[in-house]
Amino acid sequence: MKPTVISADAMFEEFRGSLRWEWLAGLGASERQFDPEVISRAQSAADLVGYLNYIHPYRVQILGAREVAYLTRGSQEDCARRIARIVTLEPPMLVLADGQAAPDELLSICERAQLPLFATRESSAFVIDLLRAYLSKHFAERTSMHGVFMDILGMGVMITGESGLGKSELGLELISRGNGLVADDAVDLFRINQNTIEGRCPDLLLNLLEVRGIGLLDIRAIFGETAVRRKMRLKLIVHLVRRDSFERDYERMPSAPLTQDVLGIPVRKVIIQVVAGRNIAVLVEAAVRNSILQLRGIDTYADFVARHHKAMESGRDGD
């Protein structure tokens, strides 16, 4: 699901402090929004914010020093024509950056068309970076997943599995080993670009971990600030299964890395069977370390297969 709504008023309030901008014209259009169809087609936030460009309609148009110079250079008729064309682009809002003064014709046409016009002294490049980062998260594809999401050895890891397998207890042990909690039970996942998923905790569950028999634990209060994280990028899913399920549904040594599709992105997946006496926390950390090696191009299984083939070839040559 991708949200499609944000008003000019909400955008203005969101950055009132960081951009210190003013609302110069179009005050009556505080509810003006992005075109929902444009949002659904956008490949990234770069499609939603950029410098003034007449071939990219329906996006936030940023007017820096060069753009204002272009609009005001030439005869009065040329300037009026260039400014009038901006309205035909139907931007959700205009932003004057670089401390530029608004040309009178621009103020007039924005007021007539009820087109929100903001002005800031910040650089146009900074404004674009800030708005793109915000909109990429606001309009990101999103879903929720049941599990415990953690920072393990610097990697965002989702621990999943059926109820009763001890996911929260495992999370607690991993926290006691110096890892960090992002979210327990319900994890909000956002696709913030073409190949990145970010996981966050719902506000209601922030810093909380539920352990059966004990109840809710405030991890931040018990273990300190360093035991919790606001967000992490999802890089690995560790799925816990019972022994009978593991033997029935999974290979002991898979020949190819497992993945799970999350919001259209394949995420590495590791299966760990839960059996009495196994130290699952150590196994999870080992799986994370192995995944880090794989991301660096070191594949232990492939190395073993190559070594095995080499040994077989040597054996044949000896015969």
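Cβ coordinates come from backbone N, Cα and C, glycine included.
According to its DSSP assignment, His146 (active site) is in a strand. In sequence order, Thr160, Asp185, Ala186, Val187 are the residues of the chain that are 6 or more apart from His146 (active site) and have a CB within less than 8 Å of its CB. The active site feature in Swiss-Prot is assigned to His146 (among others); the stated evidence is sequence analysis.
Packing around Gly166 (ATP binding site) is summarised by its Cβ count: 16 other Cβ atoms lie within 10 angstroms of its Cβ, all protein chains included. Residues annotated as ATP binding site in Swiss-Prot: Gly161, Glu162, Ser163, Gly164, Leu165, Gly166, Lys167, Ser168.
According to Swiss-Prot, the active site annotation covers Lys167 (among others). Under the three-state DSSP scheme, Lys167 (ATP binding site) falls in the helix class.
Among the features that Swiss-Prot reports, Mg(2+) binding site is placed at Ser168, Glu210, with the record citing sequence analysis. Over all protein chains present, the Cβ of Ser168 (ATP binding site) has 20 other Cβ atoms lying within 10 Å.
Taken from Swiss-Prot, the feature active site, proton acceptor applies to Asp185, supported by sequence analysis. When other Cβ atoms within 10 Å of the Cβ of Asp185 (active site, proton acceptor) are tallied across all protein chains shown, the result is 17.
Annotated active site per Swiss-Prot: Arg252 (among others), in sequence order, evidence recorded as sequence analysis.
Look at Swiss-Prot and you will find 273-278 tagged as region 'Important for the catalytic mechanism of dephosphorylation', backed by sequence analysis. When DSSP labels each residue, the region 'Important for the catalytic mechanism of dephosphorylation' (273-278) comes out as 0 helix, 2 strand, 4 coil, counted as helix, strand and coil in that order.
For Ser163 (ATP binding site) paired with Glu210 (Mg(2+) binding site), the C-alpha to C-alpha distance reads 13 Å. With a cut-off of 8 Å between CB atoms and residues at least 6 apart in sequence, the same chain places Gly147, Lys167, His239, Leu240, Val241, Val274 near Gly161 (ATP binding site), listed in sequence order. Other C-beta atoms found within 10 angstroms of the C-beta of Ser163 (ATP binding site) number 6, with every protein chain shown included. Looking just at the region 'Important for the catalytic mechanism of dephosphorylation' (273-278), the mean pLDDT is 84.
Secondary structure at Glu162 (ATP binding site), taken from DSSP and collapsed to helix, strand or coil, is coil. Leu165 (ATP binding site) sits 13 Å from Glu210 (Mg(2+) binding site), counting Cα to Cα.
Neighbours of Glu210 (Mg(2+) binding site), defined as other CB atoms within 10 A of its CB across all chains, total 15.
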